[in-house]
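In what follows, a structure is listed as structure tokens, so that the remarks can point back to it.
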Amino acid sequence: MTPQNPTILLPSSREHWIDISRFLAACLIVCVHAPAFSFASLFQLPVFNGRVAFFLILAGYFMGRNNSWNKAFKRGYTLLIPFLFWNIVISFLHPGIMNMGLPEYLCNLAGFRSLFTPDFIPLSINGLTGEPFSPPTWFLRDIILCSLISPILLKLKYPVFVLILICFSTDWLQYPVPANKITLAPSTVSLFSLGLFLSSIKLAEVKHVYKNSFTPLVLLAVGTGFLLSITNYLSVCQNNPEWNMHKILASYGVWNISWPAVRLNSLCPVFGALLLMTLGIWLEKKIPVARKLSNYAPACFLIFVLHYPLIMLIPSHIWKQSFFAPFVLIPAIIFLIVAFYLFLRKFFPACLPYVANDRITHVPKKN
């Protein structure tokens, strides 16, 4: 007997907006690593500063759903395999690889740094520490480790909640060393744990909260972020008279004003991550063609791993010969990586879990 309300199975239950946000965040990670500092400085503050925080919160969110030790270990090794694969491949591009001993190679392969604080190095090999051969993948290493200890983080709910409050409301744990130089830095663990605690909220409910009246606030937040970023860029440019852009702007009297640097604080990554999420919802709702970006979200892992070596293969003088060169080179690099992912997906789908961390469960919903 046919039920009155049959369940219609969709190709995927994933939301377009979350994948749009993922792809945008991955693109921002590429932008900030451009060797042209005048270009990269545009992407430092504060609207863009949620690029890594967004992925840490998102990883914690999905780990928090039906969390168990089995899920933690499975997530850990499924991410570890492609992480190690690409860092081994990229290691052959390292200029000092021929003079690197096995202990040093292993330290760099694992990307091991000091643990939690800059001065605590409990597991170093012969006193050595290192960073991944593709340096921007440091946060993938930390996501692997956070996933493995996620059941403990959930058990220690109240102490971890206190850690989150300390990290995002004070500067007590804001070390002079950046978080990417520390394994499991307090801010990194706090962002992942924030995602764990938010996992009780369904993504569909987050989208439901969104209202049309919120659009002006989104535009205001994005506009404010851009203005702060431009202000910070002008401050940096003002202090670098050798830049071509400095000379161009000087002819317009821009340097008659003393432009202040915008100081980052511990809440900026959270603000940026929430803004990326909101921007994804807004783009899905207001610009339907933006949904096509969700088709490329599964390529995010390859973007994380491959963009840096590709950037380094391009001579630095090409990046710096024009302020506008990165506006051409960055999209070209992203296009090449996405094309490589689509090539693998079409002709070698069985290898995707091992090289792209894609279990081919993502099939975008039809519009």
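Placed from the backbone N, Cα and C atoms, the Cβ positions cover glycine too.
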### Message
Between the candidate ranges 132-152, 216-236, where does TrEMBL place the transmembrane segment annotation?
### Response
216-236
### Tertiary contacts of the transmembrane segment (324-344), as residues 6+ beyond its ends and Cβ separation under 8 Å
27, 30-31, 34, 36, 39-40, 296, 298-299, 302-303, 306-307, 310-311, 314, 318, 351-352, 355-356, 358
### Query
Of the listed stretches (48-64, 76-97, 183-204, 264-283), which one yields the highest count of Cβ-Cβ distances below 8 Å with the transmembrane segment (295-318)?
76-97
### Query
So which of 76-97, 183-204, 264-283 is most in touch with the transmembrane segment (48-64), counting Cβ pairs under 8 Å?
183-204
### Query
Where else in the chain does the transmembrane segment (183-204) make close Cβ contacts, counting only residues six or more beyond its ends and a cut-off under 8 Å?
15, 18, 53, 56-65, 67, 111-116, 139, 141-143, 145-146, 150, 153-154, 157, 160-161, 163-164, 166-168, 173-175, 266, 269-270, 273
